[in-house]
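Q: Under the heading transmembrane segment, TrEMBL lists 17-35, 41-65, 86-108, 128-149, 156-175, 181-199. Sequence annotations record features per position, and here TrEMBL assigns domain 'FAD-binding FR-type' to 204-306.
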Amino acid sequence: MSTRPSSAPGAASARRFVAPTLALSIALASVYWALPEDLTAWRSAGIVAGWAGTGLLVASLLLMIREVRLARLLGGLELSYRWHHRCGVIAYLLLLCHPLALALDGWAEAPQLAWQTLDPRAQSWPLWLGWAGLLLLMLGLASTFAVHLPYRRWRGFHFLLGGGVLLGLAHVYVLLGNEQLLLALLLIATLALGWRLLASDLGLSAHPYRVTQVEKPAAGVIEAALAPCAAALALSPGQFVLAAFGDGPSFHGCGEYHPFTVSGIDHQGRLRISVRALGPCSRHIQELEAGVLVRLQGPFGSFLDDVRWAPQLWIAGGIGITPFIAELRAQRCSQPTTLLYLYRHAADALFLEELAAASREDAQFVLLTDASGSGLPDVDRLLAQVSRLRERQVHMCGPQPLLATLTAALRQRGVSAAAIHFESFDFR
């Protein structure tokens, strides 16, 4: 079923500040609670860095939870994950400064004392917990920058981050004892990790669907029709789901949750997703067949929530056409809307006949297409064909290099940054 949220554009903008505000609040509360008194400058700096880093780590765990209502409150799953990553990196740097500042405090008394502060061999087991947690954080964070790391290996390394957080909190608990704030942080961290593992990664919160039809609209692309086995998800065009494909008569799914944009929704709760062969799992999904059980989480995203508030310019690159075809399949355009569809070759284009039919039947909808070959499209020529460009809300979906080129070109033509919207749908 299709249900579009009724929030105004300003509400979505305000939600973008919820995630950083939450993270900052937890970090500041931790520092305020542990604010040192009557200590040397370096020792105070070490304590502040340690507690600020601890607060940000706990916040990063909250920001990785995949839950529909929480994700919407935090401005969307993609934005929440972005702040999850930022909090983790900043927390790690702060926690690195924690022992270094304590060592500098010892240096003022004796260089040997400074070295003993940094040498794990000279320390007791509670301090070993802290070093072990820092090591796990380092390994886990290193994997987040390895963009070409296979997903399963990346996920395994990423689990080390959760272990690092728990070891770090155990380190503080052994040193300080039964303190209220520390117990609260431990509880939050444990609940967040438990929710992510059980509800999301193991799929206990997922909705069961079954593949009813598989079509191949272009080379290396399938469009699968999915029917709910129980309660259907309440979806709207522009949203995406995380899907894990199971087994069928001759198909064996990889069982991993990956994001896929919805390309069609009907009133019976059935939906369609389009998948291009880009990675190992999506290439395997090209062999999908009817009868396969699929577990869905979501829906997530608010990519096209504001389409009825202002004239629209939609720009799609390749498989990025999926959110826009979902919107066109759901209803006629309520505002003047121009779709600029970019692809390399005509054989790569999806739903061209359906898009052309929509442009003939809907006076509000204008379709512009361009096959750019192996290079980037002529952006200047294409944007010159769009009337009243500065008055439009721009929604883009496609490869990151294309989005960067288009964003720069739109800004040069006076389109405000607030009017440009895009979602990459490619996070892990």
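Using the three backbone atoms N, Cα and C, a Cβ is placed for every residue, glycine included.
Those TrEMBL annotations? Automatic predictions, nothing curated.
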Q: Taking the transmembrane segment (181-199) as the reference, which of 17-35, 41-65, 86-108, 128-149, 156-175 gives the largest number of Cβ pairs under 8 angstroms?
A: 41-65
Q: Where among 17-35, 41-65, 128-149, 156-175 do we find the most Cβ pairs under 8 Å to the transmembrane segment (86-108)?
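A: Ranking 17-35, 41-65, 128-149, 156-175 by Cβ pairs under 8 Å to the transmembrane segment (86-108) puts 41-65 first.
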Q: In the same chain, which residue numbers or ranges, 6 or more beyond the ends of the transmembrane segment (128-149), come under 8 angstroms Cβ to Cβ?
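A: Contacts with the transmembrane segment (128-149): 57, 85, 88-89, 91-92, 95-96, 99, 120, 157-161, 163-168, 170-172, 174.
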Q: List, by number or range, the same-chain residues at least 6 past the transmembrane segment (156-175) whose CB is under 8 A from its CB atoms?
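A: For the transmembrane segment (156-175), the sequence-distant neighbours (Cβ-Cβ under 8 Å, at least 6 residues beyond its ends) are 50, 54, 57-58, 60-61, 88, 95, 126-127, 129-130, 132-137, 139-144, 149, 182, 185-186, 189-190, 193, 196.
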